[in-house]
Amino acid sequence: MSAKAAPQDYFVKDISLAEYGRKEIAIAETEMPGLMAAREEFGPSQPLKGARICGSLHMTIQTAVLIQTLEALGAQVRWVSCNIYSTQDHAAAAIADAGTAVFAYKGETLEEYWDYTDRMFQWPDGEGPNLILDDGGDATMYLILGEKAESDPSFLEKPTSEEEKYFFAQIKKRLTASPGWFKKTKAGVRGVSEETTTGVNRLYQLEKRGELPFPAINVNDSVTKSKFDNKYGCKESLVDAIRRGTDVMMAGKKAFVAGYGDVGKGSAASLAGSGARVGVSEVDPICALQAAMDGFEVLTMDEAAPKFDIFVTATGNKDILTVDHMRAMKDMAIVCNIGHFDNEIQVEGLRNFQWTNIKPQVDMITFPDGKRIILLSEGRLVNLGNATGHPSFVMSASFTNQTLAQIELHLRGNEYDNKVYTLPKHLDEKVARLHLDKLGVQLTKLSGEQAAYIGVEQTGPFKPEHYRY
């Protein structure tokens with residue numbers, strides 16, 4: 001069932017795009033075998049009946065398939081995008097037209113973004129959600145910091161970025177409109193499942209400080225998410241985004257990737273596969289050694305800035321590309337980010353210079369010495385801002401994990417402490433297994449003797465929890 005709410009309990013760019021969205025959703029379903037298998041397996045038992053899910057995750061065609069899967073399993077859903085540029089408007093229209101409360105369009109302002117996040121939590125019957133499905137942690141942090149402000153709002157007067165200015169302003173609005181709302185709403189949440197590295201890091205920090213208010217399932221570190229979505233997804237979507245944004249010839253160019261985690265590995269492979277000569281920066285000696293042995297030059301951003309043509313940040317950290325770095329670049333260097341937040345690049349510092357908008361999500365910044373850079377998606381996620389994100393097939397694995405996590409939290413959330421958990425190995429293997437037939441993969445089967453020899457069951461799990469893949 002869907003969250004059939006009051007008329008106009010949604011905001012999308014153009015509801016007439018719904019039919020176009022439905023056609024693409026139908027195509028995506030054929031590429032998302034994990035989610036379709038979840039509907040078949042769990043649909044009859046309705047394990048999410050009674051679940052009231054607030055979802056903050058890129059409102060794409062693939063996410064539409066996830067939303068409709070959650071609803072097919074019994075949930076009521078309200079949704080926003082977790083990035084101002086990542087919505088696919090026809091996907092949002094199709095979901096809204098089907099009766100789901102969704103508040104998202106491509107090109108939101110920061111004020112709208114936080115207003116929509118608040119509206120996602122406002123159920124028509126006055127009750128709140130009992131589950132959160134998050135990507136980056138914004139929905140979770142809205143409740144946590146909002147409750148903090150109910151007892152001491154002084155920090156709201158000290159935003160440290162443009163993003164925080166609008167974030168804190170929205171908290172103030174809700175404090176004025178509904179005193180005590182944050183505490184009440186947070187108390188009703190059984191748990192959160194988190195999609196991405198940045199959001200998971202926030203959750204672990206909260207747990208470490210003893211401030212995590214409910215159980216959390218770290219979907220990002222499921223092997224069938226991080227080793228597939230983060231790596232193989234970026235491997236296909238990064239170059240797609242840069243090409244759509246700039247029409248640049250990759251072959252022969254020097255491309256630099258900051259960070260060599262799973263996202264950085266996929267990004268470097270993407271650029272190298274297009275003929276670019278790739279360099280990498282890293283703080284972790286293990287990842288740096290991996291990059292070197294994968295054939296990439298490893299150097300610092302200070303060294304790379306004047307030498308390379310294309311720059312991609314993929315660290316999950318802040319201030320990776322500073323204004324000084326960008327001023328040192330070649331004329332017309334291309335700058336983009338594939339990490340979750342835009343603070344990997346010092347975009348606010350660039351506001352002091354001349355901006356020329358070339359087309360949506362493509363800007364040229366001119367420095368006083370006449371040199372220019374091309375900035376994609378204002379430093380936000382380039383693969384969703386300048387292209388359509390990861391392909392459906394790889395997102396099927398990620399979103400099947402999300403579905404399993406939501407079922408677990410709904411049925412057994414009260415059995416968990418307020419800590420961060422990962423899904424067990426047998427579910428990781430199950431998600432992978434669901435995607436093999438689509439690729440024509442035939443698994444080898446262990447004999448009883450072989451299984452006993454290595455100490456596993458014939459049907460798995462085949463690796464210990466600590467295995468790194």
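Including glycine, each Cβ sits where the backbone N, Cα and C put it.
Per Swiss-Prot, these features apply:
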type	residues	note
BINDING	Thr60, Asp135, Glu195, Lys225, Asp229	substrate binding site
BINDING	196-198, Asn230, 259-264, Glu282, Asn317, 338-340, Asn383	NAD(+) binding site
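Structural mapping of features recorded in Swiss-Prot.
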| residue | record | DSSP class |
| --- | --- | --- |
| Thr60 | substrate binding site | coil |
| Asp135 | substrate binding site | coil |
| Glu195 | substrate binding site | coil |
| Asp229 | substrate binding site | helix |
| Gly259 | NAD(+) binding site | coil |
| Glu282 | NAD(+) binding site | coil |
| His340 | NAD(+) binding site | coil |
Checklist outcome for this item: Asp135 (substrate binding site) and Val263 (NAD(+) binding site), compared by Cα position, are separated in whole Å by 15
Checklist outcome for this item: Greatest Cα separation in angstrom, residues Thr60, Asp135, Glu195, Lys225, Asp229 binding substrate per the record, works out to 17
Item to check | In the chain carrying Ile338 (NAD(+) binding site), residues 6 or more apart in sequence that have Cβ under 8 angstroms from it | outcome: Cys234, Leu238, Val263, Ser267, Val312, Thr313, Ala314, Leu381, Val382, Asn383
Item to check | Site of maximum Cβ density within 10 Å, from binding-site residues Lys225, His340 | outcome: Lys225
Checklist entry - Taking just the CA atoms, what is the gap between Thr60 (substrate binding site) and His340 (NAD(+) binding site) in Å? => result 16
Item to check | Nonlocal neighbours by CB distance (under 8 Å) for Gly261 (NAD(+) binding site), same chain, sequence gap 6 or more | outcome: Thr197, Asn230, Cys287, Ala314, Thr315, Gly316
Checklist entry - C-alpha of Glu195 (substrate binding site) to C-alpha of Glu282 (NAD(+) binding site): distance in Å? => result 23
Checklist entry - Least buried of the binding-site residues Thr60, Thr196, Thr198, going by other Cβ atoms within 10 Å? => result Thr198
Item to check | C-alpha spacing of Lys225 (substrate binding site) relative to Thr196 (NAD(+) binding site), in angstrom | outcome: 9
Checklist entry - If you measure Asp229 (substrate binding site) to Glu282 (NAD(+) binding site) at Cα, how many Å is it? => result 21
Item to check | Among Asp135, Glu195, Asp229, Glu282, the one of these binding-site residues whose Cβ has the fewest neighbouring Cβ atoms within 10 Å | outcome: Glu282
Checklist entry - Within 10 Å of the Cβ of Gly259 (NAD(+) binding site), how many other Cβ atoms are there? => result 27
